[in-house]
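Undergrad: According to Swiss-Prot, the protein carries these features:
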ACT_SITE  K99  active site, schiff-base intermediate with D-ribose 5-phosphate
BINDING   D42, G171, G232, G253, S254  D-ribose 5-phosphate binding site
BINDING   R183  D-glyceraldehyde 3-phosphate binding site
Amino acid sequence: MASDGTDVVALYGGANGLSHKSGSFSVKVGLAQMLRGGVIMDVVTPEQARIAEEAGACAVMALERVPADIRAQGGVARMSDPGLIRDIKRSVTIPVMAKARIGHLVEAQILEAIGVDYVDESEVLTLADDAHHINKNNFRVPFVCGCRDLGEALRRIREGAAMIRTKGEAGTGNVVEAVRHVRSVMGDIRALRSMDDDEVFSYAKRIAAPYDLVMQTKQLGRLPVVQFAAGGVATPADAALMMQLGCDGVFVGSGIFKSGDPALRARAIVQAVTHYSDPKILAEVSSGLGEAMVGINLSDPKIHVERFAARSD
C-alpha cells in the first residue's frame with residue numbers, strides 16, 4: 001500500500017445508507033487519503049502538539065493520557081476533555097484527531113461538534129458498548145477504526161470508517177501485534193485475489209464481511225480505504241517496517257513522548273516513514289536518539305498485559 005504517491009485509493013461507492021446529515025462517504029475517504037505517507041502522533045498538551053507539528057507530523061491525536069499511561073493507571077478511559085482538545089486545536093495548523101469509546105455515539109457527536117478533523121473509535125479506551133460500533137455513516141466527520149484481519153476491516157468500512165489502522169497493542173512499545181495484524185490483512189487480500197467469484201461469495205460469508213466490499217478489495221488488490229499502522233511503534237525502524245509491509249502511514253503514541261528525546265525521535269520517525277525503503281537514511285536517522293521507551297514484552301508469561309486489541313471485533 002505504501003507507494004511513491006502517484007497512485008490513489010479507489011473510493012468505495014456502495015450504498016451506505018447515508019442520511020441527509022452525513023457527509024458524502026467518498027469525501028470522507030478523500031480526507032483520510034490526504035494523510036497518506038504521514039505520521040500521526042499522540043499528544044496530551046498543546047506543547048507536545050507543537051513539537052509534533054514541527055517534527056513533520058501530518059496530524060495529531062489529542063489525548064488526556066497516552067496509551068502507556070492508560071495501561072499503567074487503569075480505571076475507565078473515556079473521551080478527552082473537550083477543553084483540552086480545543087486548546088490543542090488552537091496550538092497547531094495540522095489536523096487534530098480525538099478518540100471516542102467504541103459504541104459511544106454521544107462522545108462522537110461531541111467531538112464532531114467541537115470541530116475535530118477525524119474521530120478514532122478506539123479500543124484503547126474502555127468499551128461503551130460491547131455489542132455495537134457507532135454508525136459512522138450518520139456523521140460528517142471521517143472516522144478511523146482498528147482491525148486485526150480483513151473481515152474486521154471490511155465490517156468497519158461498511159459502518160462508515162474512512163480509515164483503517166491495525167490495532168496492535170498500544171502503550172507497549174512492542175510492534176509484534178501490529179505486524180501480526182497487517183500481515184493478516186495483507187495475507188487475506190493475497191488469498192482473495194486468487195479466488196473465483198463463487199469462492200469470493202463463500203469467503204465473504206466466512207469472514208462475515210459485505211460481499212460487495214470483499215469483491216472490491218479483490219479487484220483493487222488492497223483495502224478500499226487507507227490503512228495505517230498503529231500499536232507499539234516506538235522506533236524509526238518500527239515505522240519503516242510497517243511501511244515496507246504495505247501500510248499507508250503510521251500512528252505513534254507512547255513511543256515518542258515516553259522516550260529520552262521526544263523532539264528528535266519524532267523527527268526521526270517522520271523521516272523513516274518518508275524514506276522507509278532506504279537503509280542508509282534509516283541508519284542515519286536512527287542514530288543518537290537517546291533511550292527509547294522501555295516497552296513491554298508481550299510474550300513474557302510472568303507479565304499480565306490486557307489485550308486492548310481483543311476488546312471488540
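Numbers run from 1 along the shown chain.
The backbone N, Cα and C atoms fix where each Cβ goes, and this holds for glycine too.
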Undergrad: Fill in the CA-CA distance, G253 (D-ribose 5-phosphate binding site) to the residue listed as 'active site, schiff-base intermediate with D-ribose 5-phosphate', as an integer in Å.
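TA: That comes out at 13 Å between the alpha carbons.
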Undergrad: For the C-alpha pair, I'd like the distance in angstrom between S254 (D-ribose 5-phosphate binding site) and the residue listed as 'active site, schiff-base intermediate with D-ribose 5-phosphate', rounded off.
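TA: Roughly 15 Å, rounded to the nearest whole number.
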Undergrad: Whole-number answer please: how many Å between the C-alpha atoms of G232 (D-ribose 5-phosphate binding site) and K99 (active site, schiff-base intermediate with D-ribose 5-phosphate)?
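TA: Cα-Cα distance, G232 (D-ribose 5-phosphate binding site) to K99 (active site, schiff-base intermediate with D-ribose 5-phosphate): 17 Å.
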Undergrad: Express in Å, rounded to the nearest integer, the largest CA to CA distance found among the D-ribose 5-phosphate-binding residues D42, G171, G232, G253, S254 named in the record.
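TA: Output for D-ribose 5-phosphate binders D42, G171, G232, G253, S254: max Cα distance 12 Å.
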Undergrad: Starting from the Cβ of R183 (D-glyceraldehyde 3-phosphate binding site), draw a 10 Å sphere and report how many other Cβ atoms land inside it.
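TA: For R183 (D-glyceraldehyde 3-phosphate binding site), the 10 Å Cβ neighbour count is 13.
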Undergrad: Which number gives the other C-beta atoms within 10 angstroms of the C-beta of S254 (D-ribose 5-phosphate binding site), all protein chains shown included?
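TA: Within a 10 Å radius of the Cβ of S254 (D-ribose 5-phosphate binding site) lie 25 other Cβ atoms.
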Undergrad: Please state whether DSSP places D42 (D-ribose 5-phosphate binding site) in a helix, a strand or coil.
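TA: Note: D42 (D-ribose 5-phosphate binding site) is in a strand by DSSP.
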Undergrad: Taking just the CA atoms, what is the gap between D42 (D-ribose 5-phosphate binding site) and the residue listed as 'active site, schiff-base intermediate with D-ribose 5-phosphate' in Å?
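TA: Rounded to the nearest whole number, the Cα-Cα distance is 10 Å.
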Undergrad: May I ask for the distance between R183 (D-glyceraldehyde 3-phosphate binding site) and G171 (D-ribose 5-phosphate binding site), taken between their Cα atoms and rounded to an integer number of Å?
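TA: A Cα-Cα distance of 20 Å.
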Undergrad: When DSSP is mapped onto helix/strand/coil, what comes out for S254 (D-ribose 5-phosphate binding site)?
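TA: Helix, per DSSP.
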Undergrad: State the Cα to Cα distance, in Å, between K99 (active site, schiff-base intermediate with D-ribose 5-phosphate) and G171 (D-ribose 5-phosphate binding site), rounded to an integer.
TA: 15
